[in-house]
Amino acid sequence: MDLTLGMEAQALLEDMLEITAQSLVPMEVTEHYQIIKELGKGKYGQVILVTHRKRGTPMALKLLPKASTKLQNFLYEYCVALSLSVHPAIIGMFGIAIESSQHYGFLYEAALHKDLISIIKPKAGIPEPAAKLCAKQLVSALDFIHSRGLVYRDVKPENILLFDRHCHCIKLTDFGLTRPQGTLLRLVAGIIPYTAPELSRGTGDTPGLPIDASLDAWALGVLIFCLLTGYFPWEKTVPEDSFFDDFVIWQESGLDEDLPFHWRPLSKDAIAMLQHLLALDPAKRGPIRRVLNYLDRPWRAEASPKDPLVTVQ
């Protein structure tokens with residue numbers, strides 16, 4: 001792993017944080033913006049659609065409660081997003097970070113067609129042309145992030161915003177988990193399907209793992225599987241999960257007869273592509289741009305077997 005890019009990214013972000021901390025705009029939101037509606041809400045804060053009172057510009061405003069948000073964490077997310085926003089498949093920023101009496105916030109372009117999870121049909125996924133459009137744009141965005149010495153670490157449909165319902169224009173958002181390559185990441189216990197297996201082997205005493213682009217490759221593979229099937233391939237990347245255990249057995253044997261049942265709706269080309277992204281050995285996962293080699297090949301097999309699995313919701 002080349003740590004030079006990660007070190008350069010860390011230095012750049014530290015400089016941006018220092019400058020931004022001194023230039024936060026103090027304001028109450030309703031003084032300058034008219035609130036239209038809520039676009040989304042999570043445990044960390046909310047996103048609302050606003051328009052500028054004088055210019056009428058529609059924008060998305062992310063608000064994080066000061067009571068539960070460290071200023072450093074807010075500044076970090078804002079600076080990462082701002083540094084990456086020049087890419088067409090990454091959400092555009094307006095370069096305005098604000099501080100009100102109750103919140104920290106920043107403004108970015110509004111996506112009025114919701115997020116990718118809103119169009120994934122359980123047990124069906126999305127049309128194959130739309131899945132390929134998503135994959136092409138996500139590969140470009142993630143490759144750009146990696147070229148800047150960063151690892152995104154949060155590939156999931158909820159973080160992919162739609163600018164039309166057919167996926168001709170999608171954009172990554174939410175950079176709170178993005179970190180420089182080489183950052184030591186504490187191992188976890190396989191919390192979500194997108195968690196790479198090397199992060200799911202830890203205990204409280206396990207040392208951290210230096211992160212790299214292979215984590216994003218794994219999550220991208222899981223996402224593409226979801227887009228094509230409407231299922232998660234597994235719930236957790238641990239041996240106790242029978243679907244993941246079946247996947248490991250198949251990967252280790254390499255035998256066609258060990259192909260898990262719920263992978264059979266996929267074409268041989270799609271399976272080969274996903275095997276590349278979902279290699280159990282993280283050193284064998286990259287580069288993610290290899291996905292582009294499969295865009296002109298079919299991703300779904302003609303017949304699709306039915307089986308009760310964990311659906312995407």
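Glycine too: its Cβ is placed from the backbone N, Cα and C atoms.
For reference, TrEMBL has these:
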| type | residues | note |
| --- | --- | --- |
| BINDING | Lys62 | ATP binding site |
| DOMAIN | 33-300 | domain 'Protein kinase' |
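On the 0 to 100 pLDDT scale, the domain 'Protein kinase' (33-300) averages 95 in the predicted structure. Take the CB of the residue listed as 'ATP binding site' and look out to 10 A: across all protein chains shown you find 23 other CB atoms. In this structure, the residue listed as 'ATP binding site' is part of a beta strand by DSSP.
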